[in-house]
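Participant: Reproduced below are the annotations present in Swiss-Prot:
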- 560, 608, 675, 679: Zn(2+) 2 binding site (BINDING)
- 968, 1041, 1044: Mg(2+) 1 binding site (BINDING)
- 1146, 1218, 1221: Mg(2+) 2 binding site (BINDING)
- 47-69: compositional bias 'Low complexity' (COMPBIAS)
- 70-99: compositional bias 'Pro residues' (COMPBIAS)
- 119-133: compositional bias 'Pro residues' (COMPBIAS)
- 144-159: compositional bias 'Pro residues' (COMPBIAS)
- 160-169: compositional bias 'Low complexity' (COMPBIAS)
- 185-200: compositional bias 'Low complexity' (COMPBIAS)
- 214-271: compositional bias 'Basic and acidic residues' (COMPBIAS)
- 278-288: compositional bias 'Basic and acidic residues' (COMPBIAS)
- 297-312: compositional bias 'Basic and acidic residues' (COMPBIAS)
- 363-398: compositional bias 'Basic and acidic residues' (COMPBIAS)
- 447-459: compositional bias 'Basic and acidic residues' (COMPBIAS)
- 474-490: compositional bias 'Acidic residues' (COMPBIAS)
- 875-1055: domain 'RNase III 1' (DOMAIN)
- 1106-1232: domain 'RNase III 2' (DOMAIN)
- 1259-1333: domain 'DRBM' (DOMAIN)
- 354: phosphoserine (MOD_RES)
- 372: phosphoserine (MOD_RES)
């Protein structure tokens, strides 16, 4: 086998490191990491040294006389295992330790080499005598094979040469024992084959295997079945690949042996452990049996739990689709859609139908009606999430273990280089480990000529077509000429795009393209969506912004050397998606090579920089939350960069037509040649024993694509194919099912085959077979984008909501609702409006590609991943501008994410949808469509009640709301707090009004937008590429919000000090002013007595009384005069004890309470949006709650007034609230913010549960208006409650107001209060109690059902508290 190649791949210094590089250039050293199998050597023991030698020549003991049933091996065949070379022959020079590169830099090795277990000694055998003079355990190391999990044996013997071991930084990579030799000639290591007991057969396996788990061991019955199956006559291919049992027994002759294959014995072929994936062997005799016996011989796999049983469609043309229930609006992949798992849409829009097809259609209709009747009672089942179904099938512990197994790094090796690559150190260029040979260069030229330039040649052969220009094109041209220099208020081409942009004209223009493949197949044009241009921004706006694929801090990358693997400058990552739903298909792309099947499992990504400190990429597609993992692994070496680029252009440009996916960046398109930021390699693998993988070399993939590039139905064979038996034709059609075929020059060029039909419409004319493709019409062209349907749908939803909240529903209203529902159903059933379409194409001109839909499914995840990685790399540039490095990178991304942003495809969304519909899997499994708005929806009274009824989490919980409004809510409180504190200390003589004026000037959005511009946040913000933020005023407002979110993120992860430093640096550019702002003086009372002023208590009766309050609350103030000033009312004049009253402290205390309450709500209420959090905070930090807490603490008894009589005075609610806020400020000044947190944890936050259960977060006036709006009549202005003042009595300083509230001309409530506002609140509360509002009753029932036990406990506590004073009075009596 390829021992020498893999030997060099694995252990050349500078090439055997985790990414397969290590040579030139300044590169940070790998972090210190110590594998678990290292063992400390004795201090006096010298470090072990190892010497690896290439495999020895075949032993003469291997002779043809001993194996008469086998052909003699070819000269380059290496037996397993080879004996040690005799000293007379002279061993080959050992593998060089250091490549002969100039200025080659080695990575730092570990202090001691790893202790690997030595190879067990070979068993005695007459054909394999032990080599004399060879130390035990010494041998070659041709492959990267992990060591068995065994106890550590004694250390290996000392060898004359030392090797530097290098380990990947991210995970432990296991290596084989130094003495492991995969080519030892030990014929007795394995039992003889069943075919010839006297013939020794050899397996390329480790000399000892890992112990298997109990549940993985094959039972005797299964082993017997496995052996029986091995001797059956199952072919592995068609045509010349068909091999009978007789041929398998006699082996392959040397002259018929393929030069690129490696000779393997029948024992080896038959007993190779089955792969972890499905083994898709093709058979011409037993079509159904092959799947059955594959299931029996397949080994346990972690992907099996996610796979569904493969259901054949038989000979039927198509299966009926489920009818769409009313109100269901399916959309394209990544949007809301509703499909079934195994039903396909019926063919429609067919011009010519044969009689047999009409009979089939009648059967389809019957099955459709029968299926719809059976499903009528279970509409909601279709909305069940795929993740929930899988959670029921698979236990949670098992799912977690399987996902860990999926993400666990594996040891890999490449298939043979076959003279396409050279790994000779003398041939290397720069820091490569593999260089392409002239044979590989010829292969690249052939691939580029036959496949790479095929599309361009076909387009050039067609006559050019100039599309007619629309008014939008003229506006864009005029906008680019003027550069928008005169338009300061807008960054869009027009202020009213809806008036200028004619969507219908744009769609007609795309439909009129002469090269269009079919009317119902939509294609991609650069910079265009299905209904017009992707970007309608001005030329000035296109020069910046993430939405234009311009990532700050990106620089052009020097091109890689095309004919080498550039191992020293590329970093390799394996890409995998979890969960694997919709990515593991029943028809994967399989490449047969050397009697093995290599199954497509995803892509490898090569980056030019290490992907450190980049979080996982999460995206919603098919209504399922996916996570894209990029796992660092050992680099597969047999590839060259030019081969990767040829494949990428073939797949992404010619097949998928992703024209708007730019991996270089628009800024570098016209610059000198530069390299793409990422290279991609398809991974075709087969599983090896002990959990390893063999990756197919890149040249074999290109050869496979060249072999597959043949006509789908050759013109010269049409007549022959039409004469095939039905079974033979059905098998060919099944093989083509799911295949991607291409018609060069058409739009779109490639499509997936769902059915292949050879029925002839005209018996006199032979026609090509028909390709049937089941596609999805774009949303803009189906009922989902129809303005009439949208208008009718909105009116239907509004009427349904009104009837649900109406106390009495009229029969006419019910009929009106039913009529609208029926009208919606009719629109959905129109052929021109259906989402599912059936496309029929002639197979003439179509070519096979060898690619199936699973490759396209994985490929469409790559734009999302590359956008995610590039964005997080540019955020590192933002870290430098901020002066703070975030540890939680997702938190920084969240701060930059505007609510309008949605990460769907990472590029032009219509391009991705079209490519998925044309080339993706036919019927993806969809999750619950609610996943899109489950945590994002915040409109509607029902959503408000649902969210506001949720109690807080006991432990801090991360939020699932993926935009920055919540962080903006927190950052706003932080900015207000910092501003208030600094102004309070810097201006000790300024009154509350002046402080509030200065604070308003600092925290207003216009000023915060200026600070955001200093950080260039507009270049980093993520927001929708549309008209939302086109106007400069809207963009400035969004930038101010983004700045507040950034301050909140810094405060949340860093500290208050970090947020203070950042805010100070941005406020003042002058270092002196910044120093004044940041280093403010102490409070005047603290400056008078720097240490403490408690010595004044003895001489001051006022302070003596305050010590009682200190004992009551358990806090001893260092400067007790601060507490005295907090309790000094405004009516008290200036005195030397307090130096003023408490109005300034009230200003500071309000900001402190806002910050502490905001942080608590942000952490413990993760499902609440900004508006919901504001409602909760308003219920906590208001005069009523504050006055209640102050009264419970008895603060009114310690209030310092100018009343000489010292009589107890009943303070107003506002005065009590001011006392509490002033106390909070004094507590912060004397202690710190931690004391305030503790105080509010005890006195305020426990009240939240009562506020939520009683719905006290909603004031009576707002609640009454909400209830009245639910009773509005359709087509009329909604009736709202009106308040009228009926009476005003009392003097001017103590008046009482009487207010009544009217609804629809009827008085429904009345209230009294010391102010008009309080009287209106009383009137609204009275109306809610007396008037029978259905919405109010619904809210009460909702809370009662949800928190029945909590409400009982709360009522019991309230009754207990009310009885306590009465019991105390009875005891006194």
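Cβ coordinates are placed from backbone N, Cα and C, and glycine is handled just like the others.
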Participant: Determine how many residues of the domain 'DRBM' (1259-1333) DSSP places in helix, in strand and in coil.
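Facilitator: Per-class counts: 25 helix, 24 strand, 26 coil.
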Participant: Please report the three-state DSSP label of residue 679 (Zn(2+) 2 binding site).
Facilitator: strand
Participant: Let me know the model's mean pLDDT on the domain 'DRBM' (1259-1333).
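Facilitator: PLDDT averaged over the stretch: 86.
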Participant: C-alpha of residue 1218 (Mg(2+) 2 binding site) to C-alpha of residue 560 (Zn(2+) 2 binding site): distance in Å?
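Facilitator: Checking the Cα atoms of residue 1218 (Mg(2+) 2 binding site) and residue 560 (Zn(2+) 2 binding site) gives a distance of 69 Å.
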Participant: Return one of helix, strand or coil for residue 608 (Zn(2+) 2 binding site), based on DSSP.
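Facilitator: For residue 608 (Zn(2+) 2 binding site) - judged by DSSP and reduced to three states - the answer is coil.
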Participant: Across all the protein chains here, work out how many other Cβ atoms are within 10 Å of the Cβ of residue 1146 (Mg(2+) 2 binding site).
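Facilitator: Its Cβ shell of radius 10 Å holds 21 other Cβ atoms.
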Participant: Can you give me the residues near the recorded Mg(2+) 1 site, meaning same chain, not 968, 1041, 1044 themselves, Cβ no more than 8 Å from the center of the site's Cβ atoms?
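Facilitator: Along the chain, the qualifying residues are 964, 965, 967, 969, 971, 972, 1040, 1042, 1043, 1045, 1048.
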Participant: Rounded to the nearest angstrom, how far is the Cα of residue 1146 (Mg(2+) 2 binding site) from the Cα of residue 1041 (Mg(2+) 1 binding site)?
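Facilitator: Counting only the Cα atoms, the answer is 27 Å.
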Participant: What is the Cβ neighbour count of residue 1218 (Mg(2+) 2 binding site) at a 10 Å cut-off, with all protein chains included?
Facilitator: 25
Participant: Could you count the residues of the compositional bias 'Basic and acidic residues' (447-459) that DSSP puts in helix, in strand and in coil?
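Facilitator: In the compositional bias 'Basic and acidic residues' (447-459), the DSSP-based counts are 12 helix, 0 strand, 1 coil.
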Participant: Quick one: Cα separation, residue 1044 (Mg(2+) 1 binding site) versus residue 1146 (Mg(2+) 2 binding site), in Å?
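Facilitator: Computed Cα spacing between residue 1044 (Mg(2+) 1 binding site) and residue 1146 (Mg(2+) 2 binding site) is 24 Å.
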Participant: Would you mind reading off the Cα separation of residue 1221 (Mg(2+) 2 binding site) from residue 679 (Zn(2+) 2 binding site), to the nearest angstrom?
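Facilitator: Spelling it out, the Cα of residue 1221 (Mg(2+) 2 binding site) and the Cα of residue 679 (Zn(2+) 2 binding site) are 60 Å apart.
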Participant: Which residues, in sequence order, are found in the same chain with Cβ within 8 Å of the centroid defined by the Cβ atoms of 560, 608, 675, 679 at the Zn(2+) 2 site, excluding those residues themselves?
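Facilitator: My list of surrounding residues reads 557, 559, 566, 569, 570, 606, 641, 676, 677, 678.
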Participant: Looking only at 608, 679, the binding-site residues on record, which one has the least crowded Cβ, with the fewest other Cβ atoms within 10 Å?
Facilitator: 608
Participant: When a 10 Å sphere is centred on the Cβ of residue 675 (Zn(2+) 2 binding site), how many other Cβ atoms does it contain?
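Facilitator: Summing over all protein chains shown, residue 675 (Zn(2+) 2 binding site) has 21 other Cβ atoms within 10 Å.
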Participant: Between residue 968 (Mg(2+) 1 binding site) and residue 679 (Zn(2+) 2 binding site), what C-alpha distance do you get in Å?
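Facilitator: Counting only the Cα atoms, the answer is 38 Å.
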Participant: Measure from the Cβ of residue 1221 (Mg(2+) 2 binding site) and count the other Cβ atoms within 10 Å, all protein chains considered.
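Facilitator: Summing over all protein chains shown, residue 1221 (Mg(2+) 2 binding site) has 25 other Cβ atoms within 10 Å.
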